[in-house]
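In case it helps, TrEMBL gives these features for our protein:
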DOMAIN    1-180  domain 'Formyl transferase N-terminal'
BINDING   R63, N105  (6R)-10-formyltetrahydrofolate binding site
ACT_SITE  H107  active site, proton donor
SITE      D143  site 'Raises pKa of active site His'
Amino acid sequence: MRVAVLVSGVGSIMEAIRDRGVTPELVLADRPCRGLAVAESLGIATALVDREGFMDANRTLYRERYSDAVLATLQDAKVELVALAGFGTILSGSVLEAFEGAMLNTHPSLLPSFPGWHAVEQALSSGVKVTGTTVHLVVPEVDAGPIVAQEPVRVLPGDDLVSLHDRIKAVERWLYPSVIVASQRCALPGTPWWSQINFRNELEQEVQQCRP
């Protein structure tokens with residue numbers, strides 16, 4: 001399966017995916033970032049679809065035009081599975097339709113709790129004892145797609161935004177690649193050849209192998 005990883009930052013999840021034996025066909029970024037440089041150093045094809053070129057005079061993003069440009073780049077690389085890895089631009093329209101059931105994202109909470117940009121802060125302020133990370137399929141509604149995998153992270157006494165987020169990211173870096181690796185052998189939910197039992201078995205094996 002030809003995988004593209006979409007990044008906006010350091011690219012740590014992209015590196016974790018590669019370390020698990022799945023080398024992306026493409027790493028695409030919405031802005032210049034370290035993730036592109038890391039991918040290039042590893043010999044992975046890269047593409048910069050800079051969101052700065054899709055802003056109006058008020059610096060509002062032309063979201064549909066931007067999504068069309070991302071889709072064209074992914075199609076040129078013959079990508080089959082898209083993994084959003086800290087990608088800072090919300091995609092819409094054509095690219096979501098083209099990769100329905102084949103675009104994954106990771107979120108720092110146990111969805112449906114705490115969707116949106118401030119999930120870790122909300123977990124702390126709400127006083128929950130357990131939060132976590134979720135891998136889910138991407139749909140037009142933000143953080144609302146079918147859940148593929150979740151892993152809990154305990155909120156410890158004295159946790160602040162940095163300490164809790166760091167522990168969530170550590171779990172994310174092994175859970176997300178586990179889903180990608182398992183998806184090489186079984187179709188993802190929402191695709192015509194989806195087999196939930198087989199995928200769940202494969203995923204559980206991957207998670208057990210990587211769980212600290």
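Here the Cβ of each residue, glycine as well, is placed from N, Cα and C on the backbone.
Heads up, TrEMBL stuff is auto-annotated, nobody curated it.
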Restricting attention to the domain 'Formyl transferase N-terminal' (1-180), give the mean pLDDT.
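That stretch averages a pLDDT of 94.
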Under a criterion of Cβ-Cβ distance under 8 Å and sequence separation of at least 6, what residues of the same chain contact D143 (site 'Raises pKa of active site His')?
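Counting only residues 6 or more apart in sequence, the Cβ neighbours of D143 (site 'Raises pKa of active site His') under 8 Å are N105, H107, L111, P112, P115, G116, H136.
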Output, ordered by sequence, the same-chain residues six or more apart from R63 ((6R)-10-formyltetrahydrofolate binding site) with a CB under 8 Å from its CB, or 'none'.
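For R63 ((6R)-10-formyltetrahydrofolate binding site), the qualifying residues are I90, L91, S92, G93.
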At a 10 Å cut-off from the C-beta of N105 ((6R)-10-formyltetrahydrofolate binding site), count the other C-beta atoms across all protein chains.
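If we count other Cβ atoms within 10 Å of N105 ((6R)-10-formyltetrahydrofolate binding site), we arrive at 23.
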